[in-house]
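S.K.: A single structure is presented below for examination.
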Amino acid sequence: MNKGGLILGIVIGLVVAGLGSLVTASKMVESNKVEFCASCHPMKTFHETWKLSVHGPNQKGAMKAKCADCHLPHDGFMNYLVTKVKAGLNDYIANMQGKGSTPQYWLDRWAKQGADKHVYESSCRKCHKELVAPGIPVKAFIAHRQYELGMTKENCITCHRQVGHGNLMVVMQEKAAAKKLAKNEK
């Protein structure tokens, strides 16, 4: 290959890589929007309960959080990216297979996996940096202090499980019971 061909190849490679990066970045931004996450039928209940939660858009004075703020790790870009791709593919495949469309599916999944598989400690700590701030209740001060000193195996999700979606478990249990009742009446 001559020198001119090599330079042209490098330029074309850089242009393709640059365009690929721009497309990837735009898709990352687009898929981080709440509307994108809520667009799947199985996510409707999650979206509804999030809107009413402490971190939902309708709360005054609380930190607002979107799906990716809690459901993706924030301890490094590569971990964020790999987790986002894996979770996105898993959700897409489950949705295409019709999984996740029933409340009972989610109740069974949570019983098996727990919330720790869907909410990341680094996500909480991204916003909640100062856990032993002046003026917090004594019980919270003691719990947070033990956590920061590594004196407990508890984590943010252990104590604050309902923060992101409020009464999600109750809503899912009610929907599962209603669906089961409707099925039995047929």
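Even glycines carry a Cβ here, placed using N, Cα and C.
Computed from a predicted structure; not experimentally measured.
TrEMBL feature annotations, pasted as is:
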type: DOMAIN; residues: 9-166; note: domain 'NapC/NirT cytochrome c N-terminal'
type: BINDING; residues: CYS37, CYS40, MET43; note: heme 1 binding site
type: BINDING; residues: CYS67; note: menaquinol binding site
type: BINDING; residues: CYS70, HIS71, HIS165; note: heme 2 binding site
type: BINDING; residues: CYS124, CYS127, HIS128; note: heme 3 binding site
type: BINDING; residues: CYS156, CYS159, HIS160; note: heme 4 binding site
S.K.: Among CYS40, HIS71, CYS124, HIS128, HIS165, these being the binding-site residues, pick the one whose CA is nearest to that of CYS156 (heme 4 binding site).
M.R.: CYS124
S.K.: Report, as a single number, how many Cβ atoms besides its own are within 10 Å of the Cβ of CYS40 (heme 1 binding site).
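M.R.: CYS40 (heme 1 binding site): 16 neighbouring Cβ atoms within 10 Å.
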S.K.: Excluding CYS156, CYS159, HIS160 themselves, which residues in that chain have a Cβ inside 8 Å of the centre of the Cβ atoms defining the heme 4 site?
M.R.: CYS124, GLU154, ASN155, ILE157, THR158, ARG161, VAL163
S.K.: Provide, as an integer number of angstrom, the distance between the C-alpha atoms of MET43 (heme 1 binding site) and HIS71 (heme 2 binding site).
M.R.: 13
S.K.: Can you check how the pLDDT averages out over the domain 'NapC/NirT cytochrome c N-terminal' (9-166)?
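M.R.: The answer is 86, the mean pLDDT of the model over that range.
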S.K.: Taking the centroid of the Cβ atoms of CYS37, CYS40, MET43 as the heme 1 site, which other residues of that chain lie with their Cβ within 8 Å of it, listed in sequence order?
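M.R.: My list of surrounding residues reads PHE36, ALA38, SER39, PRO42, LYS44, PHE46, HIS47, CYS67, ASP91.
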S.K.: Check each residue in the chain of CYS159 (heme 4 binding site) that is at least six apart in sequence and keep those whose C-beta is under 8 Å from its C-beta; list them in sequence order.
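M.R.: In sequence order, the residues whose Cβ lies under 8 Å from that of CYS159 (heme 4 binding site) (at least 6 apart) are ALA143.
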S.K.: May I have the list of same-chain residues other than CYS70, HIS71, HIS165 whose Cβ is within 8 Å of the Cβ centroid of the recorded heme 2 site, in sequence order?
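M.R.: Other same-chain residues with Cβ inside the cutoff are PHE46, TRP50, ALA65, CYS67, ASP69, HIS118, VAL119, GLY164.
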